[in-house]
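Have a look at the structure below, then the notes.
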Amino acid sequence: MNRNAIFLCERLCAEFPSELNLQLLASCYLRNNQAHCAYHILKGTQMAQSRYLFALSCFQMDLLHEAEAALCPANEPHIEVPNGAAGHYLLGLIYRYTDRKKSAVHHFMQALSIDPFIWSAYEELCILGSAEDANSIFGEAAAVRIQQQHSNSGLSCQGEDTNVSSGRKSGPDDGSPRLKQNNVKEVYQGHSLGAVLGLGPASQVVNAASSVSLCNTPSPVSVQTSGIAPPPLCRNGLPNLGPNSGEGSPRSTVNAGVQAPRRKFMDEGKLRKVSGRLFSDSAPRRSTRLAGEAASNATHAGGSGTNHASSKFLGGLSTSKMSSFRSVTVRRGQSWATESLDEGRSQEALDESRLDSTATSSASVSAVGDDRPTERERMNPQTCVGPSTSGSRIQSGVLELLGLLKTIGEGYRLSCLYRCQDALEAFLKLSHQQYNTGWVLSQVGKAYFELVDYYEADNAFSLARRISPYTMEGMDIYSTVLYHLKEELKLSYLAQELITTDRLSPQSWCAIGNCYSLQKDHEIALKNFQRSVNLDSKFAYAHTLCGHEHVALEDFESGIKCYQSSLRVDPRHYNAWYGLGMVFLRQEKYEFAEHHFRKAFKINPRSSVLMCYLGMALHSLKRNAEALEMMEKAILADKKNPLPMYQKGNILLSLEKFEEALSVLEQLKEYVPRESSVWALMGKIYKRLGMYDKAMFHYGLALDLKPSAADGASIKSAIEKLNVPDELEEL
């Protein structure tokens, strides 16, 4: 339908050329993934919404400087960023990818201050390592702010409903079949692109325009001006006219003032709204899903007792039967400004008789979340749902959703700080329904991966795949988990499934690359990782995996370039710092190796592997005391990791503390009895002690364990020089 929308918008622009209509056409092209078309259409435009859409197209085309200039013109330094929270979020992304962290953090915080439900901004802050405690973002202050903004927008809408009604009834051009310029503007500002392009009859969109635009207060529960933002949430004065409704008919006059029924449905939509997503509101968002559940619970608590599943898709759109039914409820809840009490009662009786005559057909309406008045409510209009009840429902729903975001946000923040055990405990506080979702389980799997607990990570990712077989979140990490577990069959199956699901996902090609890398086919693996980079140049992990393959092929210069590209995308991607340290360690540039290992260790100070390699670099620099201290920390950080104990024995050997070294290696031998390098190092120590028989015995055991070709050659060389003094061997 995107092509159809583009075609119709071109007809509209040809008939009524204006910048507002160009905005609509550009939005259609953006929805169709044709950012270059939107770029050329909006280039040189000046309106705030045009500048936002132009910046969005520039961002998608990787023209970051032009995008920044559109949002913050150099000749107008104090101009307001267009499109509220979404504009600040986009500007924050631009600053992040141009390596201006402080400015990025500032604008992400601005986005959250405008709309606490913009989860993506908090996610970016966590990635940058600058996120505040989740309680300060999603706490009571945020709830109070949202409630105040909702109250202000509600008062604004109510205050102008009478003017809207009278203006629509007396306007000379209301019945015109053509779209005037002001109508186009209001339609575009008041509706999401999906609503404008065919989610309802055309006459509904046109007639609703003037009412919706009046509620254009920038807040989390009011209208967003972006054509790609979620649907408008404050439609208290929105008439629900069918395609054949006329402006002069009595029915349209009555419906023009209807407020409370629309508010009830829209308030539930407000709870589901998570604004500020840059690219699309049609795809399922996790924060949207969470908001939807909060809205459903809040409505149920209010006494609905009906199934609200369909309301997620209906939003504020309703059938004409819903409209006629709601007119009864609102008549009881409030008085009319333009009609006498007697007229209101007679009209109410007429509406009730219509309702009774259509009881069978309206049963399907109640199944999607409508509240049919009971006999007691018919007798007592005071019991009907009014603005105060609706406000309390919104308040409880907002508090529930913020509490959920607080728990998830704290777990994600701790995970990004690599406090993985704390993150796992935070995620366990979630309800069973929320914990067993694809996104949460992927985060749990990542936490176990960072803890080097690959079996638990495998279990978490496997469960995430069963629950959400279509999601790509974390599948690059899952493929690396299977790579470390050497599960060739499972890794091949995963790669095939991911490619079948989405060939254009960078995670799919990462899985294929890991599959070939496990089979030691590094050239084919490199090609697949490069495909992942081509699909998403901002995917830092794909750059790092390319670097690993270059190093495996001993192309160190290309490896360094790939690691540096990864760090340009994400300076906190410690795997790239680790990769650079490994390259310099192999090149025996120990000072550079130490520098890069320290950078990685500063980002992830709980990694036993990073501590161990930093200790190895210090040992190579003859700073043995610091190296031993670092090895002790690494052993305490992860007692299951054998590498720090082995390196500690090696350092003690260089210090000629043979007995201590043998004691450490004897302990290590119990953990990894089939590791040939441990037996070979023990043989070397016995040789230094002059115990040649024991040295020969341990060298023989090391060879029996089938070491790698390089290790086997060094062991055989040591056996041949067994009786050669160490002084002569060094010569």
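The backbone N, Cα and C atoms fix where each Cβ goes, and this holds for glycine too.
Heads up, TrEMBL stuff is auto-annotated, nobody curated it.
Per TrEMBL, the features are:
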- 85-118: repeat 'TPR' (REPEAT)
- 152-180: region 'Disordered' (REGION)
- 277-309: region 'Disordered' (REGION)
- 333-391: region 'Disordered' (REGION)
- 342-355: compositional bias 'Basic and acidic residues' (COMPBIAS)
- 357-368: compositional bias 'Low complexity' (COMPBIAS)
- 369-379: compositional bias 'Basic and acidic residues' (COMPBIAS)
- 506-539: repeat 'TPR' (REPEAT)
- 540-573: repeat 'TPR' (REPEAT)
- 574-607: repeat 'TPR' (REPEAT)
- 676-709: repeat 'TPR' (REPEAT)
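Within the chain carrying the repeat 'TPR' (540-573), a Cβ under 8 angstroms from the stretch's Cβ atoms is held by residues 97, 99, 101, 127-129, 476-477, 506, 509-510, 513-514, 517, 522-523, 525-526, 529-530, 532-533, 579-580, 582-583, 586-587, 603, all 6 or more beyond its ends.
DSSP states for the repeat 'TPR' (574-607), grouped as helix (H, G, I), strand (E, B) and coil, give 27 helix, 0 strand, 7 coil. Secondary structure by DSSP for the repeat 'TPR' (506-539): 27 helix, 0 strand, 7 coil. For the repeat 'TPR' (676-709), the model's pLDDT averages out at 90.
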